[in-house]
């Protein structure tokens, strides 16, 4: 901010200047002196404070003008004022010049001042209230003691008949829309009018013009008008000076999220401009600046309480839908069914969208991230989710091809973790990628850049390209430990499956049949003995376990986990024609987590004493922790199409109680 400026005096004339409270005026009395002048004296008004500065030493000046000072090239005056003027040019500083012997001034110079107060204010201390002239308002710092205002992307839709998000136009249709915006106040105080030629201007830079918008509310006789004054094509706005003590209220909206090449910081400035002469540009004599950070999009991990469970209604999933409904009824959340007219035959609701939220001190709301997958569910997030206090954002590649890894079964987030002393209070984003140097499939760069730019959930890339579908939710999930703030990582494990089957074979259950009661599948009599004797299947799953262990090591390193934090769930895979893995039986780790209630794919494992040994094993691992296991039959409606329970459902969860601005990325 411009807090000091120079005013040039001229002997024998009167110079008028507008002074802004909180700044300094400097003037060179030596250069303004008439020929022959040797000393000078000063007089000033009651509310003006003047210092004579010589060789870096300052001396306060009394108001009566009796004291004399020698003129020298190093002598300057520093002028400040204590309060706003009541009339234009009513405060003054008079410099009297004297020759070597005279007691009567040979000439004088006058500085006539109009003091005004200008302050552009925001909620820099993040308490939900716009305070006055916070000294930290022009900077932004992270942490619990941090300072700096916060802005929401206005990505919801308050008016149902509009086709797009509120931030996509330059209009405000209701007061509800203003509540999504951050308030900014321009406070002024001074005489009824300013000297001729002065202007107060709000402005933004060209680089910020597509990232922030500002509205002003007028109150004409016939109701309020919401006027768009800054953003997009509008870079500046002249503010009418009203005189006296005034507060002009503005509403600021974010237009886009942090992303590659955009840190999330935007600046808004107010300047006082001075008129010199016709055809001469106005000169800024004072500038005040505020900085906002646009709130990041934040994902919610499994440990947070569920709000809504989403599932698609298909021609072939009636029983699955019924079982999911029964599971949801055990919790405090609601079931939302996406019917066929909207899903158009697309059952993979997990792959189409990811729920998250944005938050500022004054407000927060959920925001859905729409994947570039764009299956037949592509209209669902805009038609059914986007609305009042429910935002929407998407990222689509311009030139890259979209692969299965761009579906959001390949996008998860861990619970809060601490890694080598570094805390991630909102967890870390987890995405699947290709094996290093393999040149395989990878999530498109535009989505990866977006996730990284949010800063608060630093992404970790895992290796998922070894799977046919290639999603991280095929080999991992997080579950809470009820009654604590702790969690466990569940990982698919082929070695755990072979170990369990060998134990059952040793106990005399080698002829136990898998897929019992499933018609054609059970007629093949797939037994424990056949699985253990299938050498090619054994070798394939040794390779798949190496892929799982690669991810296990990454997760332990990047999330600060130990073996005690991980539970292995039995899984088997078979290799497809591209040498990638698909589940041999329903993959139990691909579950839905609703607090302590887990909806787990029913594995149809070997029947030992008329019970599925896989279900018994998993219950024995999880239920002693306080978790409740419900096994859901998804084999015909999802498993045979290479997905499971998690792939066919989606959960919106409550936001973190932790405020993202309190962390240090």
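Don't overthink the numbers, they just go from 1 along the chain as shown.
Cβ from N, Cα, C; glycine included.
Listed in sequence order, 154, 158, 159, 166 are the same-chain residues six or more apart from residue 177 (Ca(2+) 2 binding site) with CB atoms under 8 A from its CB. Secondary structure at residue 177 (Ca(2+) 2 binding site), as computed by DSSP, is helix. Sequence annotations record features per position, and here Swiss-Prot assigns Ca(2+) 2 binding site to 154, 156, 158, 166, 177, 180.
When Cβ atoms from all protein chains are considered, those within 10 Å of residue 180 (Ca(2+) 2 binding site) total 28, not counting its own. Here Swiss-Prot flags 156, 158, 180, 389 as Ca(2+) 3 binding site, drawing on experimental evidence.
There are 26 other CB atoms within 10 A of the CB of residue 166 (Ca(2+) 2 binding site), with all protein chains counted. As annotated by Swiss-Prot, Ca(2+) 4 binding site applies to 166, 169, 171, with the evidence given as experimental evidence.
The Ca(2+) 5 binding site annotation in Swiss-Prot covers 354, 408, 411, 412 and rests on experimental evidence. Under the DSSP three-state reduction, residue 354 (Ca(2+) 5 binding site) is assigned to strand.
Note: residue 647 (active site, nucleophile) has non-local neighbours 348, 350, 351, 409, 471, 473, 590, 638, i.e. same-chain residues 6+ apart with C-beta under 8 A of its own C-beta. What Swiss-Prot lists as active site, nucleophile is 647, and the listing cites experimental evidence.
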Chain-mates of 154, 156, 158, 166, 177, 180 with C-beta within 8 Å of site centroid, Ca(2+) 2: 155, 157, 165, 167, 176, 179, 181, 253, 388
Inter-residue C-alpha distance, residue 408 (Ca(2+) 5 binding site) and residue 169 (Ca(2+) 4 binding site) (nearest angstrom): 29
Among 156, 169, 171, which are recorded as binding-site residues, the nearest neighbour of residue 411 (Ca(2+) 5 binding site) by Cα: 156
Cβ neighbour count within 10 Å of residue 156 (Ca(2+) 2 binding site): 24
Inter-residue Cα distance where the pair is residue 156 (Ca(2+) 2 binding site) and residue 169 (Ca(2+) 4 binding site), in Å: 12
Cα separation, residue 180 (Ca(2+) 2 binding site) to residue 389 (Ca(2+) 3 binding site) (Å, whole number): 8
Coarse DSSP state, helix versus strand versus coil, of residue 158 (Ca(2+) 2 binding site): coil
Residue 154 (Ca(2+) 2 binding site) CB neighbourhood, other CB atoms within 10 A: 23
Distance from residue 412 (Ca(2+) 5 binding site) back to residue 156 (Ca(2+) 2 binding site), taken between C-alpha atoms, in Å: 23
